[in-house]
Amino acid sequence: MAQSGGEARPGPKTAVQIRVAIQEAEDVDELEDEEEGAETRGAGDPARYLSPGWGSASEEEPSRGHSGTTASGGENEREDLEQEWKPPDEELIKKLVDQIEFYFSDENLEKDAFLLKHVRRNKLGYVSVKLLTSFKKVKHLTRDWRTTAHALKYSVVLELNEDHRKVRRTTPVPLFPNENLPSKMLLVYDLYLSPKLWALATPQKNGRVQEKVMEHLLKLFGTFGVISSVRILKPGRELPPDIRRISSRYSQVGTQECAIVEFEEVEAAIKAHEFMITESQGKENMKAVLIGMKPPKKKPAKDKNHDEEPTASIHLNKSLNKRVEELQYMGDESSANSSSDPESNPTSPMAGRRHAATNKLSPSGHQNLFLSPNASPCTSPWSSPLAQRKGVSRKSPLAEEGRLNCSTSPEIFRKCMDYSSDSSVTPSGSPWVRRRRQAEMGTQEKSPGTSPLLSRKMQTADGLPVGVLRLPRGPDNTRGFHGHERSRACV
């Protein structure tokens, strides 16, 4: 407020307060003027319906009409938008009308579940004009819903509501087959499963089968309501246009003889359908489907014996394969050299000779050694150069048992030591050694793990047999005793 005294000057804050008060008073006056102008508008004034205050050109861009400064208030913004909007030209009106009329056509509504949902949601069938403006093809023409509403005034097929914000068809929307809405028609199939009609399944000469079927259906369903028509559909015949649309939805139509019973009221059709469900439940009888509802799902009967046999065979094969893999894995694991075996020590000078001797411990090599003097140890499939190159010596189960028996039994350990000392001096091809080995094999036939041939495997980490401190040394500047036979594999 301004002060009356001359001494006190109005400060800047007081002046700002005065100006704000004046501005607020001006805004109030403008609001009152606009309200009076709105009351004086006639009923036919299009500005009454096409209020610019909505601002948004489409639902996807709600902030478009609210851009700009806010200091002057929403009233000035409405005035600017009212001045910006202009009625569309004739060409744009025609394009908008054609496009939206296509949206509401039967051809499009049958496929467009989204728009059909909005049509069914409103009891009067109205759809928002702003929603239609947000559609892709309409948005290419205009983004202002007021332009769309103005163009729809010129449509003959569509009509706007009182406030020009919603639109609907002038004709009612029919019931489409893809909708799960009950209709007045009842599809009856498996006719001749009825006890009163099964005798008519055989062709008769008088040709009155169809008439008797219709009489039975009229008598059966007439108790639920007034029947407008009964039609018999036979396979291979041309279907009526209204039934042709649902032929792809219901497999019974066109494939077997069935009947279409149409009632005058939807409630009567629903009652008849419920009655047929209770009658056909748990027994063979003719069945009925209410047109518009989901068709019954056919569940094929599964033969349990047929299904269980391949399943059991598959499980058996899997278990056998798994067992074979386990045995192979165990065999590979037992045949592979461990880090504690002397064969795995690459620094040992005796590794090559021991590896060659190990090849003779295989069953095939062992049999060839005694049965055929001229047999070569290379005939064994386990003594191939590839196996030697990989450093993997496949040992028979006798070898594994021999290792355990030699280490656990003192007597067997002594025998192993005797034969190891003999074989280190005597050539493996000596007849005396063969006879001695054959005698030992005969006496200990029941315990093959005590074979003297396996004693070479019982060695320490230095490459020496168990119980041997060092190998004998020969004279100086020589290769030791029996140097000419060192190149041969010792047993």
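Numbers run from 1 along the shown chain.
Each Cβ is built from the backbone N, Cα and C atoms, and glycine gets one as well.
Database features, via Swiss-Prot:
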COMPBIAS  359-386  compositional bias 'Polar residues'
COMPBIAS  444-453  compositional bias 'Polar residues'
COMPBIAS  482-491  compositional bias 'Basic and acidic residues'
DOMAIN    86-177  domain 'HTH La-type RNA-binding'
DOMAIN    184-296  domain 'RRM'
DOMAIN    427-485  domain 'SUZ-C'
MOD_RES   Ala2  N-acetylalanine
MOD_RES   Ser56  phosphoserine
MOD_RES   Ser58  phosphoserine
MOTIF     186-193  motif 'Nuclear export signal'
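Mean pLDDT for the domain 'HTH La-type RNA-binding' (86-177) in the predicted structure: 92. The residues of the motif 'Nuclear export signal' (186-193), classed with DSSP into helix (H, G, I), strand (E, B) and coil, number 3 helix, 4 strand, 1 coil. Note on the domain 'HTH La-type RNA-binding' (86-177): DSSP counts are 46 helix, 9 strand, 37 coil.
The domain 'RRM' (184-296): residue composition by secondary structure is 39 helix, 26 strand, 48 coil, according to DSSP.
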